[in-house]
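A quick write-up on the structure given underneath.
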Amino acid sequence: MTVIALFGAGGKMGYRLAKNLKGSRFDVRHVEVSDAGKARLKNDLDLSCVPVDEALNGAEVVILAVPDTAIGKVAAGIVDKLKPGTMVVALDAAAPFAGHLPKRDELTYFVTHPCHPPIFNDETDMQAKKDHFGGLFAKQHIVSALMQGPESAYALGEEIAKVIWAPVMRSHRVTVEQMAMLEPGLSETVCASLLVVMRQAMDECVARGVPEDAARDFLLGHMNVLGAVIFKEVDGVFSDACNKAIEFGIPALMRDDWKNVFEPKEIAASIQRIT
């Protein structure tokens, strides 16, 4: 049985992982510094936490379910206690991309992150429909990267990833650099920003007299059908009027050089701001 040391087990993300790992084939040792986190694990999942040294004794995998800003400090504090060949799993590309993982060639570094349940899905159960984050009831895709270590280690990392993010559909293999392009680049800098703009546009319509429920229903409904056409979920085309609105709308809303947010230096700067 593979031994996993789960750091940050009582935190927001760590708790999700602890819940999904419970009952799996993995022997999990839980590490949590906060009393509230320890109590939550004990009261909700009947899981006890252990000291760091006990958790690391014989551990083949260490999962760092801690904030991006803490990964470097936590990893530096345990790196000398890890035996050669130990796999260190990070749940986001930011800290690994920024170079916050210790330089030690005999360790394996594996990075994995959920895509979250897609807007277009086949969920019929209401609990799954309401599981927008994923990892509980709704199926989701995932991305993973073997940052360093033997190629043979990828299979174990992916197996763990499929457990902690379950239920999983497609599992995509990417590089750490590609994962950083996806987040923060695609998902946060672009998608989240444009969604905020859409919400602000809705609020502007409300401020100009449109009933709020009408504006919200109209926007979300159109996001559904427009998104289905744009992302090829349906075989459809936009009307001439819609295409003309897009032709004039993009230049009015977007800078000509907006794709520069995907340049390596911009991705690095974005990650530097959050780590």
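Backbone N, Cα and C atoms are what each Cβ position is placed from, and that goes for glycine too.
Record check, Swiss-Prot: NAD(+) site residues include GLY11, LYS12, MET13, ASP68, and the candidate from GLU32, GLU54, GLU106 also listed there is GLU32. Of the listed binding-site residues GLU32, HIS113, the Cβ environment within 10 Å is emptiest of other Cβ atoms at HIS113. For GLU183 (Zn(2+) binding site), the same-chain residues 6+ apart in sequence whose C-beta sits under 8 angstroms from its C-beta are ASP92, ALA93, ALA94, HIS113. DSSP classifies GLY11 (NAD(+) binding site) as coil under the three-state reduction.
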